[in-house]
Amino acid sequence: MKAVHFGAGNIGRGFIGSLLYKSGFSTTFVDVNQEIVDLLNEKQEYRVVLAELTTDEHVVQKVKAVHSQLHPEQVIEEIVQADLITTAVGPQILPLISDLLYQGLKQRAVSNSKPLAIISCENMIGGSAFLQEKVYEKLQVGEQEQFDRLFHFPNAAVDRIVPLQSNADKLMVMVEPFFEWIVEGGQAVDVIPHVEGLQLVHDLTPYIERKLFTVNTGHAIAAYLGYKAGIETINEAMQNEEILAIVEAALKESGNVLIEKYNFDENEHRAYIAKIIERFLNPYISDEVTRVGRSPLRKLGANDRLISPAKQYVELLQKEPEHLAKGIAAALHYNYAEDPEAVELQKEIQTNGVELALPKFTGLPKESALVELILKHYHV
Ligand SMILES: NC(=O)c1ccc[n+]([C@@H]2O[C@H](COP(=O)([O-])OP(=O)(O)OC[C@H]3O[C@@H](n4cnc5c(N)ncnc54)[C@H](O)[C@@H]3O)[C@@H](O)[C@H]2O)c1
Ligand SMILES: O=P(O)(O)OC[C@@H](O)[C@@H](O)[C@H](O)[C@H](O)CO
């Protein structure tokens with residue numbers, strides 16, 4: 001079995017590549033990082049180390065890589081032969097890979113009639129559907145029927161904390177032991193090959209919202225509050241009593257939305273939150289707040305981890321999400337100079353004021369109780 005995976009980064013190598021290897025796949029990574037591409041081709045294997053007391057490790061083999069800008073023709077050839085395509089490049093990169101993916105799928109349709117699943121493993125709602133939309137924008141007259149028949153884009157939720165790596169061995173990835181990969185089977189259920197650890201579900205919505213609005217909501221709030229307090233890592237941020245209390249209270253708020261919306265068992269959800277807090281406190285992981293807080297404009301987006309649960313809290317429970325609002329206010333203060341989105345956010349705030357920047361980036365109505373609440377915490 002052959003897999004093509006776009007993005008040989010932390011989650012690509014440390015999670016998806018590892019499960020694919022365990023499931024018998026040979027994996028071709030597609031990336032634009034020359035050093036990583038060269039190393040993967042030279043070594044044809046890499047180590048994945050679990051961040052825990054015993055630092056258990058395993059070797060991922062049967063891997064190679066292609067630089068997509070230098071050798072697009074090789075990527076197309078790999079797509080023609082693939083049994084599965086996955087991505088972990090970041091939501092903002094999906095439009096950039098869509099043209100090459102389109103070229104590959106178009107070429108594949110000429111000689112290979114085997115249906116294929118393309119699964120985006122990004123932290124976003126509807127990641128594969130978004131990639132499909134970008135690919136379909138390239139379709140020429142008469143191609144859609146064939147693409148609809150042959151290619152499926154099932155949405156997915158992926159969960160494993162993989163921090164930035166600073167190992168002497170540049171291919172090695174240190175990952176937390178926990179992982180979860182959930183894919184919406186739907187019409188693609190028979191097309192998705194067996195991958196060890198991949199769970200198929202009928203409807204992904206509760207799972208992706210539970211993941212994004214718990215793991216990523218809590219993570220982002222810890223990162224922005226931590227950054228504001230001059231703290232460097234998530235683990236240290238979570239050891240700060242004030243930050244811990246706000247993260248826990250914010251997850252109670254997002255949890256109340258999820259429980260109300262999806263009828264989750266309250267005790268099970270509380271246990272899910274407790275497990276996540278424990279993961280953030282993993283002493284064997286050093287995860288920088290600037291990685292977790294990266295791309296604040298994306299994270300402040302209407303459907304993302306901060307605004308969506310806060311909005312839904314107001315709509316469904318008719319109450320004020322006091323702690324989610326504190327997290328959003330901290331995000332608005334995020335001014336890390338090496339993050340282009342943080343620079344853009346601060347520039348907008350300085351030029352037009354936070355009162356206009358907040359609705360602009362979040363889509364929240366300017367005159368709303370939620371905006372007022374966030375601004376109250378912003379100005380504290
Ligand atoms: N790291 C985590 O803890 C984690 C967990 C779950 C989900 N995710 C999601 O996985 C995705 C990747 O995150 P990451 O932490 O692995 O980031 P990363 O930066 O480590 O990896 C991204 C990789 O994509 C490559 N890339 C960039 N442009 C490309 C292009 N045009 N074509 C091919 N490759 C390209 C980069 O060179 C890099 O190797 C994001 O959507 C993230 O939200 C991350
Ligand atoms: O990858 P992002 O930028 O969407 O979010 C940063 C982290 O919260 C994220 O990467 C988590 O580590 C991951 O989602 C855990 O499963």
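Yeah, the Cβs are placed from backbone N, Cα and C, and that goes for glycine too.
Whatever TrEMBL says is automated annotation, not expert-curated.
These figures come from a predicted structure and were not determined experimentally.
For the domain 'Mannitol dehydrogenase N-terminal' (1-193), the model gives a mean pLDDT of 97. According to TrEMBL, the domain 'Mannitol dehydrogenase N-terminal' annotation covers 1-193.
The annotation NAD(+) binding site is assigned in TrEMBL to A3, V4, H5, F6, G7, A8, G9, N10, I11, G12, R13, G14. For G7 (NAD(+) binding site), the number of other Cβ atoms no farther than 10 Å from its own Cβ, over all displayed protein chains, is 25.
What TrEMBL lists as domain 'Mannitol dehydrogenase C-terminal' is 203-350.
A simple way to gauge crowding: the CB of H5 (NAD(+) binding site) has 27 other CB atoms within 10 angstroms, across all the protein chains here. DSSP classifies G9 (NAD(+) binding site) as coil under the three-state reduction. Put plainly, the binding-site residues A3, G9, I11, R13 were compared by Cβ crowding within 10 Å, and the winner is R13.
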